[in-house]
C-alpha cells in the first residue's frame, strides 16, 4: 500500500504506525522486542554478523577453493579478461564436455582482483571480502524485511517508511547469525552466493523504488523496473540463482502493490469470469510490469543458454545418485527427502557438512523406509502454510505467508532437480537465499505467539537464546572452515558413510607426510565406495612409495578398468610396472595416459625415465623435451636432459640445454648445479664456480653442492677452498659417495706439498 504520510522524527513515525493499524494489522504491535532507530538497527546487525564469522578471516584455502582459485588460470594476469566470459567457474571452457556449465564470470572477476591486489594467493584478502559482503547483505536485509513484513509505504517526500522496525530487526538478526551461512562466508567459493544475494536484494529494492513517487501504484517508474531487471542479470552472472529475483519481484508486485487475492483470481479464471480487471490482474499496470520482467528474464536466459551451449553439465552418479535412479518413484521420493533435509538445516543447523554426496544420504528405495516420515512432515507443513496463504480471510496474513513461502521456495528451484540435474545431493550454500523466506516465517510465527502469550518476556528470552546459540555455532563452524584438517574431520561424525569425507581426510594426512594414517582413510573410502577411482589412485601411489608394488598395481589396474579414461591412474600404473621391470607394459600405460590427456607433461617425464632406463637415449630426450614444451617450468625434465647429455659426453649440447633452462627458471638451484657440473668439465671454471656458489646460497645444506664445488676447486688447483668445501660436504653427509675418497686424496696431496715446502 502506498500513501502520502509525512516521515519526520520518531513522534510522526508513531502517528504513521497508528494510521496504518487502522487499515491493516501491524506485526510490531504485539511483539516484545527492541525498537531502535534504523541506523542503530543496521549497526547492530552489521556488528553481530561480523562477530559470527570474524574468526575465519585468516583461514586457508580449503576444499573447492583449490580448484576455483589456486588452480584457476583465469585469476592470473596473463589470462586475457575476455576469457572469463567463455569459461566456467572453475576455469574450463564452457564448450568442454567436462565443464559443469557454472557460468559466474563476475564472481571470478572479483577473485582475479583479489589475486592482483594481494600479489598472489594469500587467503586473508579473499576471506575479508567475504565477511564484508555478508555484513553488507545482512544490513540490507533490515530494509528488505521492513518491506516484506511491514509493507511498502512512502512519505509525501518520497522516503520509505519502516512500518515494522521491531520484526525487521529480529528477522535480520536471524538471517545474519544463521549457521547454515558459514559455508558461503568462511568458504571462499561461497562468494558466488554472497555476490548473487547482494545484487538479488538490490534488484528487489530497486523494484520497490519504481513506486516511490506514485499514488496507489497507478503510475510507476519504468526506469527502476528496468534497473531491477539489469541487477537481476548481474546477480545471475554471479550465480545462477540470481535470475529468480525477477519472479519474486512479480510476486511482490501482485501481492503488495496490487493486493491481489490469489485464490479469488484462480476462482475467476476457472469460472471464466470477465471481471479479471476487478480482481487486480490488469489494475495499476501489473500486467505490463510482469511482461517487462518476463521479457527481461527470458532474454537473460536465452543469452545464458547461447553462451553455455546446448549440452547439459556432466555429472556422475556419486555426485547425485537419486537423479540416476531408473525408477521415477525412487527419484521423486529422494528429491522430496532432500527437500526435507534442507528444511531441517534451516530449522536446526547443528549437523553441518562440507559435502553430502557419496553415500552420506543412502537412497530411499522402499515406501517402508522410516525416513518417509520426514517427507510427510515437510508436506504437511507446506500444505498447511499454502492453505493459510491462499484461503485466510486476513489479507495481511495471506501476504506475509505467501511472501515467506515465495522467498523460501523460488530461489531454491534451480537446486531442486526439477528442471535439470544438479551436481550435489545437499549443498548448504544454496540455502543462503531461501533462508530469507525462513526468517520471514519464523518472525511471523513469533509475532503470532507473542499475540497469544501472557508473558511476552519469556518468548523474547527464548528468541535471544536462539540467536546466542546460533552466534556460538557460527563461530565454531567458522573455526572448522579455517583449515582442511579441521573441516574434513568435522564431517566424520556428520557423514560417516560419505566416502569423499574419508578420502579428503586421507589426502590431507598424506600431504602432511602421515602415510600410515592416510592409508587407513583411503581404504575406508574404497570400502564405502568400491568404484571410487580417485581413492584407489591415491592409495596406489602411497603403496608404490612404500614399495608394496603388487597391491598398488592391483588397485591402479582396477581404477583404469572402472574408468578407462583416467589418465593419472594410467600414468601411476606405468610407474609401478616400470618399478616391477615390466617395461613394455609400462610404456603402453604411459602412452594410454597421454592418449586420454594429450597435454600431460608429468607423463612425458616418466616416459623419458623409462626410455633412459632402457638406454633409449634419443627417445628419452624427446620425451623430456615434450614435457618442457608443455610445461616450460618442468625442472625435473630439464635436469634429466642436462644430466643425460652430460653422462653421454655431449657437453656442448648439455650446456646449451642448461642455459635455456635457466633462462626460463632462473632461480632453480638444481639447474644451476647441473649446469655448473657441465661447465666444470668443459674447464669453464670461473663460470662454473659462480653457479655453484649461487646454488649453495639458495640451498646451503646440500652436501653434493659443496662436494662438487670442492672437486671443481681441486681440478682448478685451488686446494684450500677445495679442502674447505670437502669438509662442509662431509659434515652435512658423512656418507656422501666419493667425497671422502676425494678428500683423502686432497689431504695426501697437501701433505706432500708441505713436505716439499719443508
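Yeah, the Cβs are placed from backbone N, Cα and C, and that goes for glycine too.
Looking at 89-109, 110-130, 131-151, 152-172, the range tied to transmembrane segment in TrEMBL is 131-151. TrEMBL lists transmembrane segment at one of the ranges 311-327, 430-446, 481-497, namely 430-446. Taking DSSP states H, G and I as helix and E and B as strand, the repeat 'TPR' (499-532) has 27 helix, 0 strand, 7 coil. Using the rule of three or more Cβ pairs under 8 Å, pairs at least 6 apart in sequence, the transmembrane segment (337-358) is not in contact with the transmembrane segment (220-237).
At the 8 Å Cβ threshold, with sequence separation of at least 6, the transmembrane segment (430-446) comes into contact with the transmembrane segment (188-208) through 3 or more pairs.
Most Cβ pairs within less than 8 Å of the transmembrane segment (458-476), among stretches 39-57, 188-208, 370-391, belong to 39-57. Here the repeat 'TPR' (703-736) has, by DSSP, the following mix of helix, strand and coil residues: 28 helix, 0 strand, 6 coil. A Cβ distance under 8 Å defines the sequence-distant neighbours of the transmembrane segment (370-391), meaning residues of its chain 6+ beyond its ends; these are 262-263, 333, 336-337, 339-341, 343-344, 364, 397-398, 401-402, 404-405, 441.
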